[in-house]
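Peer 1: Below is one structure. I have some questions about it.
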């Protein structure tokens, strides 16, 4: 086994000992320590192209951009193969898969044994968060995938900067990854919160293989956050600047396919001249209490790992600008001359394409050319609307926390929580409706507390209790809101136009956070009332707005029954104050129905 010239660029005995131990287990032909330099990026990219792992795109149209086909069986996160390996099953809770830690190390160790024979082991040091921030966490990912090493170089602050931050400390996340034989039968993503360790084998896909992202920044970090008194959340962070120059910051949690990246990169409508929205982060937020008693947030990531289909100049022009250079596209469609395409792009499909499986594709085919979960990995600095505070080690002060799911009925356009506990209740019961394709039953609500269901690194009830406990730590807490852009008419049409027009709802929330907007009290929370939203220049009927904001008592009685089933699933660790919130709301709804 050889080690590359950038050999062992650290004297940290804890790190060196662990890398040697993992090399002994995986048996690579050579070890390469990543330094994060541009020269290294070029060298690794050339290696990946030579190995046909990456395909260069037309460098005139897409400078510095490359294409990657994944194995067709390896195209998404695999929740059923993702495990939380706490000492007891109760610590993982009823919403996570659990594996006993010793058994997990034994089972995965047998797959890792010799898995890197004939391959290079890349040692990828990285920092999540601005490198000088008190928020920052160091991780080391060992991987046999050059694709993963290059993606980590985009998604995190990678290389020497991480080793400098680490020094001789033993406090780093130990991440071991191997594609191995990419066999779904031998695919496991295991998290060991007590050991600050992640082992992932059998997948090269982003969320399973880029261990800094969901694995460390959410699953492991949520456990660390509980113990250390902060929050690690599946939230975008955006900066809103008013025409007068006032800047406010919000964090927002939406489950997948609910427009998180679009909201983070929103362009306000023409009716809002002078307003600017800038992106601090599009996916993950780490929040701590500042010296001023407010909640301060950083984006631990350094890039965007976005879903390509549906992204276009209308829905998200800033995302389209972000992917113009130095981006890796995974499982989209491409043309033989080095262009790319996906469903929902601005122009129609070319007559002929190479689809995401590498097969010829003709216009009119019933098969999708790009995989529905095809992705782009783009540097955050490419975003023309990035916030200048994105690298600020202090983070940004959060005025409002927003929760939102995809509900075609029941949930109104916007609600403000009565208080922190009520806000945690709204977040704990949020969710999205399944489609017929997913379950055979349309409209079944999949609860997704704080959009964190697949990402909580310990028991869900204890996680919700941690949210409640945070109230006593935050003297000046942000206001909490619930939004729903997706309510439909009886004919199945969206009632609210969404996209840039979500600025109208955001403005009301910002004004409420600043204490300068009126609100109407309802049994569900505070709403804008008839005149609270700025609707000038909006081509939507009054009836549609009324339907989008309506509170239907019959629907809410059903909703609360469904919430009871969800709370029952959480078991004995469900915080009593949340059960009480549901009971009080049920009483209010029933009393209001009797009055009617």
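For all residues, glycine too, the Cβ spot is worked out from N, Cα and C.
What Swiss-Prot shows for this protein is this:
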- 77, 205, 206, 207, 256, 373, 374, 375: substrate binding site (BINDING)
- 214, 234, 283: Mn(2+) binding site (BINDING)
- 257, 258, 259, 260, 261, 262, 375, 406, 499, 500, 501, 502: GTP binding site (BINDING)
- 258: active site (ACT_SITE)
- 362-388: region 'Disordered' (REGION)
Peer 1: Taking the Cα of residue 207 (substrate binding site) as the centre, which of the recorded positions listed as 214, 258, 259, 261, 283, 501 lie within 10 Å of it?
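Peer 2: Within 10 Å of residue 207 (substrate binding site): 214.
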Peer 1: For residue 205 (substrate binding site) and residue 214 (Mn(2+) binding site), what Cα-Cα distance in Å is obtained after rounding to a whole number?
Peer 2: 12
Peer 1: Quick one: give me the count of other CB atoms within 10 A of the CB of residue 214 (Mn(2+) binding site).
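Peer 2: Its Cβ shell of radius 10 Å holds 24 other Cβ atoms.
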Peer 1: Any residues 6+ beyond the ends of the region 'Disordered' (362-388) with a Cβ under 8 Å from its own?
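Peer 2: Same-chain contacts beyond the ends: 75-76, 151, 154-155, 206, 238-239, 265, 267, 276-280, 299, 301-309, 311, 318-319, 321-333, 341-343, 348-353, 355-356, 396.
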Peer 1: Around the C-beta of residue 234 (Mn(2+) binding site), how many further C-beta atoms are within 10 angstroms, looking at every protein chain?
Peer 2: 25
Peer 1: With helix taken as DSSP H, G or I, strand as E or B and everything else coil, how many residues of the region 'Disordered' (362-388) land in each class?
Peer 2: 3 helix, 7 strand, 17 coil
Peer 1: Within 10 Å of the Cβ of the residue listed as 'active site', how many other Cβ atoms can you find? Include all protein chains, please.
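Peer 2: Taking all protein chains shown, the residue listed as 'active site' has 22 Cβ neighbours within 10 Å.
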Peer 1: Could you measure between residue 77 (substrate binding site) and residue 214 (Mn(2+) binding site) for me? Cα positions, answer in whole angstrom.
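Peer 2: Given the Cα positions, residue 77 (substrate binding site) is 10 Å from residue 214 (Mn(2+) binding site).
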Peer 1: Of all the binding-site residues given, namely 206, 373, 375, which is spatially nearest to residue 214 (Mn(2+) binding site) at the Cα level?
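Peer 2: Result: the closest of the binding-site residues to residue 214 (Mn(2+) binding site) is 206.
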